[in-house]
């Protein structure tokens, strides 16, 4: 069904105001000058489920764009991202530990000698893929049922997954607990949080989403450093917890402490994240989104951006160790990446509200592609630190920019969760195949040059697709979209 003409929208808003204030004079259609109550659009019938009826429109007030309640939701979303993407961003520490540490839970298994970078990367890629792919269902669930069906069960499941990961001794156990259960749980937490923030903000939406997603950067600083210290170095905290694995805390309690640290943050998020708008009662999936050219093009762009941008997050600690850097210091590289991405998510988010959400996503894609192409050129400790800062800032623009760009597509604000969840889920198919391909390139060629070329070109192409999406918009390539 074609979209109603502009006069229809104004007419329905007028009817909503008349219902709210009965004493107000009859409304006038700004396009025709007609003040009758006749609907000027003969196609948009009351039986059409996609039409916003006057009684529905009357319940939708403008987003507050601030205030204690709105910022409380944004803060709760930041805590959610701290726990979810912050944990995901630390997978490079897990990969390095699984491959090189004699105290790895996989070291005593009979299959340890057959483990490779590609095989270990499957755990993290499956976890990240399911985090985003679960949004395909979590977004519509939030639009219909709110946080009760998404955030709260997701929080319980995520803590359970972390505790089960701490008990794993075999590869398949890690794949199930850390990869499958952890990925699904994080998806149930992350996308409803983004949708809730998008409902509470409009003109400041990109800035609010950037602030919320920056929680993952803070988590990406805290979690890798904490894990690196507990797994690879530092004194054990507490004789009762000590497993005496080389003087370190050990894998089991290291992971469990991370779970206990996240528990109060998830409790707060479960209570604070609530939808502002009434639930959507139409079809579960917003099928019309797949017919929108701008939405399809953005999904296409996100696919290639995700194919390339995850590479340093997975392999920079392993690459640093291959350059002779200490394993504990190598884990700090991830912390530096995530610290820099905090500014890359907040500052471009504020600018996106002024210069355009697609503009900032395109800049982030091109800048990240260029930085990944230079991945193999950082050969010293100082060089890796500088590289981590630049890559962290540019990649941060993609994570927050992608979700903000998808909010441009829906016409009904009640569909925000569905558009964000479906778009990120479809684009995240690249996350499932990208890291294993890069791991295979390392195993075959024994270096990181081919990895950087492949991932950098994918990210660059994704940025160019965003530019092509801008060209298709009515505002054109120079528009503030």
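Cβ from N, Cα, C; glycine included.
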For the annotation transmembrane segment in TrEMBL, which listed range does it cover: 416-433, 434-451?
416-433
Pairs of Cβ atoms less than 8 Å apart decide it: which stretch in 70-94, 208-231, 251-273, 358-379 has the most with the transmembrane segment (120-142)?
70-94
On the 0 to 100 pLDDT scale, where does the domain 'Major facilitator superfamily (MFS) profile' (70-474) sit on average?
86
Who are the long-range neighbours of the transmembrane segment (208-231) in its own chain, taking Cβ under 8 Å and residues 6 or more past its ends?
70, 74, 77-90, 92-94, 97, 101, 103, 193-194, 197-198, 200-201, 248-251, 253-255, 257-258, 261, 327-328, 331-332, 334-335, 337-342, 344-350, 352, 392, 396, 399-400, 403-404, 407
In contact by Cβ distance (the transmembrane segment (70-94), the transmembrane segment (251-273); 3 or more pairs under 8 Å):
yes
Residues from the same chain, set at least six apart from the ends of the transmembrane segment (294-317), whose C-beta lies under 8 A from its own:
89, 91-93, 95-96, 117, 121, 124-125, 128, 132, 327, 330-331, 333-334, 337, 361, 365, 368-369, 372, 375, 384, 388, 391, 395, 398, 402, 405-406, 408-409, 419, 423-424, 426-431, 433-435, 438-439, 442, 448, 451-452, 454-463, 465-466, 468-469, 472-473
